[in-house]
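Undergrad: Could you have a look at this structure, given as structure tokens, before my questions?
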Amino acid sequence: MTISYDVADGQRTNRAGEPQVLGPDAKKGDARLVGAKTAAAGGPALNAGDARAKPADGGKSARTGAGTGTGTGTGKAKAEKPEFHQRTTPPDLSKALENGVAAVRRNLLIVLMFSCVINVLVLSIPVYLFQISDRVLTSRSLDTLVMLTGVIVGAVLLQAAFDAIRRFILMRTAVELASQLGSPILAAAARASLNSNGKEYQILNDLQQLRGFLVSGTMMAFLDGPFAPLFLVAIYLIHPHLGMIVGGTCVILLVIAVINQKITSRHFSDANQNQSKANLHLDAMSRNSQIINALAMIPEAVHLWGRDTAASLRAQVSAQDRNIVSASITKAVRLLTQVAMLGWGSFLAIQGELTGGMVIAASIIGGRALSPIEGAIEGWNQYLLSRNSYGRISTLLKSSPLNSERLVLPKPQGRLDVERLLYVPQGTKRVVLNSITFSLKAGDSLAIIGNSGAGKTTLGKMLVGSILPTSGAVRLDLMDLRNWNQRQLGENIGYLPQDVQLFPGTIKQNIGRMREDASDEQIYEAACLADVHAMISELAHGYETVVAADGAPLSGGQKQRIALARAFFGNPRFVVLDEPNSNLDTNGDEALARAMAHAKAEGITVVAITQKPSLLKCVDRILVLADGSISMFGFRNEVLELLADRKKQRAVQQQG
């Protein structure tokens with residue numbers, strides 16, 4: 001049976017016109033209407049013979065109901081001017097990448113200018129040797145020696161100064177790149193991790209790889225490489241034969257570089273992949289250190305980390321073995337080239353075509369021409385790693401949903417519409433949620449119950465947008481969560497996860513969601529709304545109590561109540577609480593009940609996932625999940641009576 005939405009009466013109907021969501025005037029027992037399932041729809045269905053319930057908003061349109069300020073269904077707030085949030089410029093992550101790359105290119109052009117001067121000054125030493133050998137020693141002129149020495153000393157000092165300057169520029173370029181891209185990468189990784197295991201956070205290591213490459217010797221070799229033809233021309237001017245020797249050596253070294261890349265790239269890639277897996281195990285160990293120690297799992301955890309680390313090291317050894325062989329061959333070729341130049345140059349000198357000074361100068365210049373190529377071959381792996389790192393960074397930033405600018409809508413009232421949610425985790429075929437459909441008016445409260453593994457926590461995460469559905473939609477005030485401005489949406493919803501985590505800082509900062517613009521009044525109001533002000537007041541330092549990432553020194557119940565206050569910070573219009581009383585004692589349960597009552601009075605729509613009956617009396621409606629589908633949905637008393645009837649029927653069947 002296909003579910004459609006009837007805008008005229010503001011309620012969900014099937015094609016037979018039967019209401020799916022029970023209204024306030026529904027007859028007793030109408031909760032049974034949602035107990036049946038239809039194979040075609042895969043979700044809750046209605047019996048054709050049951051009585052119809054009156055619309056929940058008295059026949060007004062759904063859009064009118066969404067504009068009310070409370071959950072009473074009246075139109076009091078209809079005349080009020082909608083409250084819009086201030087439009088803020090969305091973070092253009094791809095633009096940040098372009099700016100970072102532009103800054104690197106601009107600085108590299110400056111460095112290339114210094115490199116050009118440096119490589120020209122490098123010729124000063126060969127020229128000095130040539131002049132001493134062919135002029136000073138033959139003329140025995142002390143004045144010429146002093147003059148040449150003074151000029152060359154100045155050239156060497158200038159070369160050293162320019163080399164230091166270009167290194168300073170490269171270092172600051174690396175820092176500028178890290179400062180410009182660090183925040184965008186972290187923001188994009190946080191968003192992209194919604195549908196993954198968080199591996200995107202590893203891309204921050206890629207940024208460090210780029211930063212290290214910019215200040216490495218390999219980068220220097222690449223910067224000096226374009227000036228190798230300058231030295232080659234200088235050698236040709238000395239003698240063409242020597243120039244051909246150096247030119248042929250350059251070709252041989254380039255061939256070695258290509259072969260080296262072919263035989264090492266796969267092994268280096270395997271090493272990086274295994275190292276990433278080992279880092280994930282290491283992160284898991286740091287997060288679960290208490291469990292590892294309590295359950296004596298240290299050997300197993302170390303084994304998992306060591307297995308991937310060993311695989312990474314084996315791949316690195318294989319790659320480095322090949323790289324070392326290539327580097328050794330390169331060095332041998334370069335040294336043999338020096339021998340060939342000296343030998344053939346001496347022959348040419350004997351023939352009277354060269355002088356001894358020219359031979360020595362050509363040998364030094366030839367070594368300088370080949371040095372950048374040798375350095376590039378030795379650091380080729382670092383270049384490949386940096387190139388791959390840049391590719392991952394570029395893909396992450398350019399494909400991030402944060403680049404899309406969303407219209408800033410009026411402040412939501414809290415109406416929730418869930419439409420045929422289907423969720424199948426990536427890489428699996430298991431259907432976790434199937435055809436979940438229900439609606440809540442602003443100010444309504446709902447309890448989601450069901451057996452373990454029914455999909456309650458997954459549904460809760462989907463309601464706040466931390467998990468994206470495979471198909472279907474979650475709408476807040478008629479707008480799909482994916483189409484809300486993310487900052488605005490986050491400021492108007494609250495979420496208490498099942499696994500409560502606090503941030504290192506004070507209780508005040510945690511309640512204020514670590515926002516620097518959070519006022520003391522907002523923090524106090526959130527604490528009062530969550531009914532935790534009295535508990536915080538009993539702490540030695542009150543709101544300034546410093547907590548660690550694991551919540552220490554707070555107990556599990558105290559940590560959960562602080563997280564509850566964080567969920568209510570900023571007066572959100574929609575709050576999801578996942579097992580909010582799992583760690584609470586009797587006093588905590590009472591405080592939670594008062595917080596639910598406060599939220600009801602403030603017109604906040606609340607969805608609570610729970611297994612404890614004490615919380616059911618605080619809600620208006622109950623939704624029962626079974627195997628990822630809605631088994632029952634209706635008003636609290638009707639659903640509880642139906643559950644009690646089923647329990648009695650099972651007891652009778654067991655006795656019979």
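Including glycine, each Cβ sits where the backbone N, Cα and C put it.
What TrEMBL records for this protein is below:
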- 77-86: compositional bias 'Basic and acidic residues' (COMPBIAS)
- 109-385: domain 'ABC transmembrane type-1' (DOMAIN)
- 1-29: region 'Disordered' (REGION)
- 41-92: region 'Disordered' (REGION)
- 108-130: transmembrane segment (TRANSMEM)
- 142-162: transmembrane segment (TRANSMEM)
- 213-236: transmembrane segment (TRANSMEM)
- 242-259: transmembrane segment (TRANSMEM)
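Each of the listed features needs to be described in terms of its position in the shown structure.
TA: Within its own chain, the transmembrane segment (108-130) is flanked in space by residues 148-149, 151-152, 155-156, 158-159, 162-163, 165-166, 169-170, 173, 223-224, 226-227, 230-231, 234, 355, 357-358, 360-362, 364-365, 368, which lie at least six positions past its ends and keep a Cβ under 8 Å from the stretch.
Within the chain, the transmembrane segment (213-236) has long-range Cβ neighbours (under 8 A, six or more residues past its boundaries) at 104, 108, 111-112, 115-116, 118-120, 122-123, 166-167, 170-171, 173-174, 177, 242-243, 246-247, 250, 362, 365-366, 368-376, 378-380, 382-383, 385-386.
For the transmembrane segment (242-259), the residues of the chain that approach it from at least six positions outside its boundaries are 228, 231-233, 235-236, 326, 329-330, 333-334, 337, 340-341, 344-345, 348, 362, 366, 369-370, 373-374, 376-377, 380, judged by C-beta separation under 8 angstroms.
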